[in-house]
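Pulled from TrEMBL:
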type     : residues                                            : note
ACT_SITE : ASP318                                              : active site, proton acceptor
BINDING  : LYS19, SER20, ARG24, SER164, GLN166, ASP318, LYS345 : 3-phosphoshikimate binding site
BINDING  : LYS19, GLY91, ARG119, GLN166, ARG349, ARG391        : phosphoenolpyruvate binding site
DOMAIN   : 5-425                                               : domain 'Enolpyruvate transferase'
Amino acid sequence: MELAKITGLRGEVNIPGDKSISHRCIMFGSIASGTTEISNFLQGADCLATINCFRRMGIEIENQEEKIIVHGKGLHGLTAPTEILDVGNSGTTTRLISGILVGQPFESKLSGDNSLNSRPMKRIIEPLTKMGGHISSILRNGCAPLYIAPGKLHGIHYDSPVASAQVKSSILLAGLYADGETSVTEPSLSRNHTELMLKEFGADIRSQFDLNTSKATAFIRPCSELYGQKIMVPGDISSAAYFIAAGLLVPDSEILIKNTGINATRAGILKVCENMGANITLLNERTEGGEAIADILVRTSKLHGTTISGDIIPTLIDEIPIIAIMAAAAEGTTIIKDAAELKVKETNRIETVVDNLKAMGCDIIATDDGMIIHGGKTLHGTTIHTLLDHRIAMAFSIAALIAEDTTRILDSKCVDVSYPTFYDSFENLL
Ligand SMILES: O=C(O)C1=C[C@@H](OP(=O)(O)O)[C@@H](O)[C@H](O)C1
Ligand SMILES: C=C(OP(=O)(O)O)C(=O)O
């Protein structure tokens, strides 16, 4: 994909469904009784991988594009897959499904692409094993492919060293199959879609937040049944982030981003934008299925640097590549720290962001747990090495819109992972 500088992005954009919520609808719908009807489901490769995994375990899932219908078979209705479950590029699929699989009376194996199979899985192997689960790394390197065998699960309390919704959700899902209460404490609150949605499905789940320490704990007790739901998936704020940045950075722009999820555990980018001096207004705020939603009106703004660290990091972890682009265009210095988790995403996102922004002429250095960006230098077009990371492709596509000359995004098709219609979405804005 080749892109060049533009001005005047104006109009409305409808963002596809939230990736985290779409995965969870399929998983919870599959182990609930009755049907789950999902609207605005994200038809991205990661969520389609989740659908395929559950189809392989005997769940009928109708994908009618406009609507997905999951014919759930109850907590104990999954059947043994006859082949390895292919989790593709999706960390969320791998870690959440593992929590369900350790509770099943059959063996299973999961494997993904090269990126997925090099991401750390010890973070779920350890707590799931403590619960009595049988789960191991087949190559004994702490990564997928994973082998899972039947085990008798008991409730535990787990103090997670990382604020990770994938780790938390994996343990809570295993907790559905345990013999007593399971709880997970994380150092700060990560996205809480599992807690909100499992409650809607009828699970016995609650959360506690310690104001003194910022630690968050979720508790779950086994229940006899979950019940199918009707779910409208809000637009994904992680996808909206590219249009927020485009609206702020491209001169003479005004973009209305419709129906976007603004759950506080996900919307850290809005706070960062405010701190950078952005002109953003939230309209039509409402709540559906426990999830906060709004339309986001963005106008071209003169941004300044900021510091991003601590508890806000888990609420914007996937947005750091695009925040780095905003920081490169802003006046002054932006410091991003406490974000070492970036190193274990689809790529090492500290490296991929810093290398590519440097190649565009930005004054940026990588640190152990983030980056320091001295903004305000003119960016120039170059070849962007996405290393097949969808967030890098999308973030640098926005950088291309404010850079001199042409920017070439290698392997731009990888946007299919979370936003297959990303490039089409610009059509309404030109
Ligand atoms: O639970 C989820 O849906 C996700 C949690 C985050 O990962 P971690 O839990 O590993 O931080 C995030 O990066 C990922 O895109 C989706
Ligand atoms: C990290 C991401 O997803 P996952 O962990 O599900 O692969 C992402 O979408 O940026």
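For all residues, glycine too, the Cβ spot is worked out from N, Cα and C.
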Listed in sequence order, the binding-site residues from SER20, GLY91, SER164, ARG349, ARG391 whose CB sits under 6 Å from ligand 2 are GLY91, ARG391
Candidates SER20, ARG119, GLN166, ASP318 (recorded positions) with CB under 6 Å from ligand 1, in sequence order, are SER20, GLN166, ASP318
Of SER20, SER164, GLN166, the binding-site residues lying within 10 angstroms (C-alpha) of ARG119 (phosphoenolpyruvate binding site) are none
Quick note, LYS19 (3-phosphoshikimate binding site): same-chain residues at least 6 apart with CB under 8 Å of its CB -> LEU42, GLY44, ASP46, CYS47, THR92, ASP236, SER238, SER239, SER418
Quick note, LYS345 (3-phosphoshikimate binding site) and GLY91 (phosphoenolpyruvate binding site): C-alpha atoms separated, nearest Å, by 8
Filtered by Cβ under 8 Å and at least 6 apart in sequence, the residues in the chain of GLY91 (phosphoenolpyruvate binding site) near it are LEU116, ARG119, GLN166, LYS345, GLU346
Greatest Cα separation in angstrom, residues LYS19, SER20, ARG24, SER164, GLN166, ASP318, LYS345 binding 3-phosphoshikimate per the record, works out to 19
Row ARG119 (phosphoenolpyruvate binding site), column other C-beta within 10 angstroms, all chains, value 19
Whole-Å Cα distance, ASP318 (active site, proton acceptor) to ARG349 (phosphoenolpyruvate binding site), is 9
The answer, for which of the binding-site residues SER20, SER164, GLN166 has its Cβ ringed by the most other Cβ atoms inside 10 Å, is SER20
The most crowded of the binding-site residues LYS345, ARG391, judged by neighbouring Cβ atoms within 10 Å of its own Cβ, is ARG391
